[in-house]
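Sequence annotations record features per position, and here Swiss-Prot assigns Mg(2+) binding site to D35 based on sequence analysis. Taken from Swiss-Prot, the feature active site covers D35, and the record attributes it to sequence analysis. As annotated by Swiss-Prot, substrate binding site applies to 36-39, R48, H52, 80-82, F84, R86, R208, 214-216, with the evidence given as sequence analysis. The annotation active site, proton acceptor is assigned in Swiss-Prot to N83 on the grounds of sequence analysis.
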Amino acid sequence: MKNRTFSMFYQEYEQLLEKEILSSEIPDHIAVIMDGNRRYAGQRGRTRSFGHAMGAEVTEQVIEWCYEIGVKELTLYAFSTENFQRSEEEVDGLFNLINEKFLKLYNDKRTYEKETQIRVIGDRTKLPAFLNKSIEKIEKATETHRKFNLNVAIAYGGRQDIMQAVRDIAACVSSGKLSLEDVDENLISKHLYPAPGVSVPNVDLIVRTGGDERVSNFLPWQANGSECATYFCAPFWPEFRKIDLLRSIRVYQARKDEKKQENSYRVSKVINFLGVGKYGEKSEELGQLLPLKKQGVA
């Protein structure tokens with residue numbers, strides 16, 4: 001009886017929370033650091049492969065939740081460059097699991113009904129041939145899809161991503177294809193993973209599970225440039241619930257509201273400084289001058 005009551009309360013709370021976040025702005029791009037699979041397994045006396053398998057099940061659910069809520073782009077940190085330091089058995093097991101999930105997505109009619117474009121970001125030269133084959137297969141099959149974008153980071157490191165982009169640009173400058181005057185933020189973005197000219201957009205919200213409060217070298221260019229919101233939560237990845245996702249979006253929305261209030265406050269200060277009588281009717285135009293901090297107005 002107690003469990004049933006809790007379940008009913010949980011469902012009602014989830015519905016209320018979803019209704020609340022749907023009444024405000026939904027982040028276009030969410031990036032997730034899926035941490036805690038191994039600790040989840042360890043607490044239960046199970047193998048690490050069990051933890052990764054349970055985490056993979058949650059990943060499938062999160063993809064569905066994001067699509068249903070209206071998120072346009074989801075980037076998942078599946079395997080970092082540092083993960084190669086793990087045992088050969090664990091690395092091989094992870095690659096086999098990732099390959100299995102790619103093939104499942106390839107054969108799932110929902111991938112095509114929902115027009116999901118799937119791309120991999122990372123150093124593919126470090127991946128086994130069978131995995132690269134599956135990646136190429138699903139990328140080719142979904143390359144024209146535009147409704148929902150799913151990026152999977154494998155053999156990925158943020159610094160490494162920026163370094164390879166700089167090398168590509170330097171080679172283009174050296175060969176005469178580009179001049180130094182052509183190099184700007186937009187050009188660098190276009191040379192980041194997954195491929196030249198096909199960039200991952202700025203991130204609105206980073207979610208990390210497992211209790212650690214750090215972003216682990218994940219999408220530094222796309223995240224820091226947009227000053228994205230971050231949400232750190234205690235549950236291990238296999239324990240991640242829809243409520244946790246909804247709460248993370250609520251944090252993003254609260255941050256957006258705080259920025260709007262700050263901007264309104266700054267506009268009012270400028271109006272008062274310039275004279276309400278003369279400029280009061282121009283508050284809307286003044287608001288378009290923000291961020292005022294960059295213009296020297298505190």
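In case you wondered, yes, glycine gets a Cβ from its N, Cα and C as well.
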Residues near N83 (active site, proton acceptor) by Cβ (under 8 Å) yet at least 6 apart in sequence within the same chain, in sequence order, are V91, L94
Per DSSP (helix/strand/coil reduction), S80 (substrate binding site) sits in strand
Whole-Å Cα distance, R86 (substrate binding site) to D35 (Mg(2+) binding site), is 15
Same-chain residues at least 6 apart in sequence with Cβ under 8 Å of the Cβ of G36 (substrate binding site), in sequence order, are G55, T209, G210, G211, P235, F236, W237, P238, E239
Close in space but at least six residues away in sequence, with Cβ under 8 Å from that of E82 (substrate binding site), the same-chain residues are G157
One residue among the binding-site residues R38, R48, R86, R214 has the fewest other C-beta atoms within 10 A of its C-beta, namely R214
G36 (substrate binding site) falls, by three-state DSSP, under coil
